[in-house]
Amino acid sequence: QDAGNHTLLTEFVLSGLSGRPELQHLLFFTICLVYSMTLIGNLLICVLTVHPALHTPMYFFLRVLSLLDISTATVVVPKMLLNLLSEDRSISYLGCVTQLYCVVFLAATEWYLLAAMAYDRYVAVCSPLRYPAIMSTRACLSLALLCCCSGQVVSVVQTAWLFSLPLCGPRRINYFFCDIPPLVTLSCADTSRYEKQLVSATALVILAPFCLILLSYACIVSSILKISSAESRHRTFSTCSSHLTVVTLYCASGTLIYLQPKSGNSQDAKKVLALIYTTVIPTLNPLIYSLRNKEVKEVLIRMMAVLMKK
């Protein structure tokens, strides 16, 4: 195709995770297992955080994060599993646009939510007496809504701009879902301006919230060091360690994927990073927050005890 008829594209073909047929079934069962764990783990977090003992802002944001993780995995994984068992790996033009929009919206919203969670921890540690007033139910709902609206703006802009480029390369996308890096490589136009814009957007979506998170934790650490009791210091920091672990995982994978969108030599590496970002991290989040959080474990034990009595 040439640049003049790129509008005639009606579908793309996803290459998938691997071109080796002997690995398809192994990949299918492995990813199916991981996806099942993602659904079970995050749904469990949603159920646990409804318990009265966990009716706090921190667990409200954790419940929203779990819903976003379920959505992220569901947007990507079912289509990927279908392609592993089928020779037809096509995806319609509209389907590709929709998938990209959803992936960018969910990713951006999660980043803003992680910043909101860091602010919640900052208020809890640095202004404990004013915490109930500052992080009221209305404030938490407003922050969550603001995160979603911000994510939607980022997604609409990125999706509209990307699909305004002339996509006159081969229909085959060297990826397992429609994402920005592989789609940029299909453009026959000069994408340098778009890539600069994407780097700016990445800084806005990832680095800006990350800087706010670092600032919040700098204040938190300063406050923790002023606590005289070593046990109290450890207990206070333990409430933040899970969040820091999740932020590190998201930041490492997200920046490596999107800061160099048209780097063809690292496409396989980006597949692995994207798989971690969309499939593995959503599975790890419930484990990180449940295994390292005493309150969540206590509620889980209580619920299990009630179920066993029945």
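Using the three backbone atoms N, Cα and C, a Cβ is placed for every residue, glycine included.
Some features that TrEMBL has for this protein:
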DOMAIN    41-289  domain 'G-protein coupled receptors family 1 profile'
TRANSMEM  26-48  transmembrane segment
TRANSMEM  60-78  transmembrane segment
TRANSMEM  98-119  transmembrane segment
TRANSMEM  140-163  transmembrane segment
TRANSMEM  201-225  transmembrane segment
TRANSMEM  237-260  transmembrane segment
TRANSMEM  272-291  transmembrane segment
Candidate ranges 26-48, 60-78, 98-119, 140-163 - greatest C-beta contact count to the transmembrane segment (201-225) (under 8 angstroms): 98-119
For the domain 'G-protein coupled receptors family 1 profile' (41-289), mean pLDDT (0 to 100): 85
For the transmembrane segment (98-119): best-contacting stretch of 26-48, 60-78, 140-163, 237-260, by Cβ pairs under 8 Å: 140-163
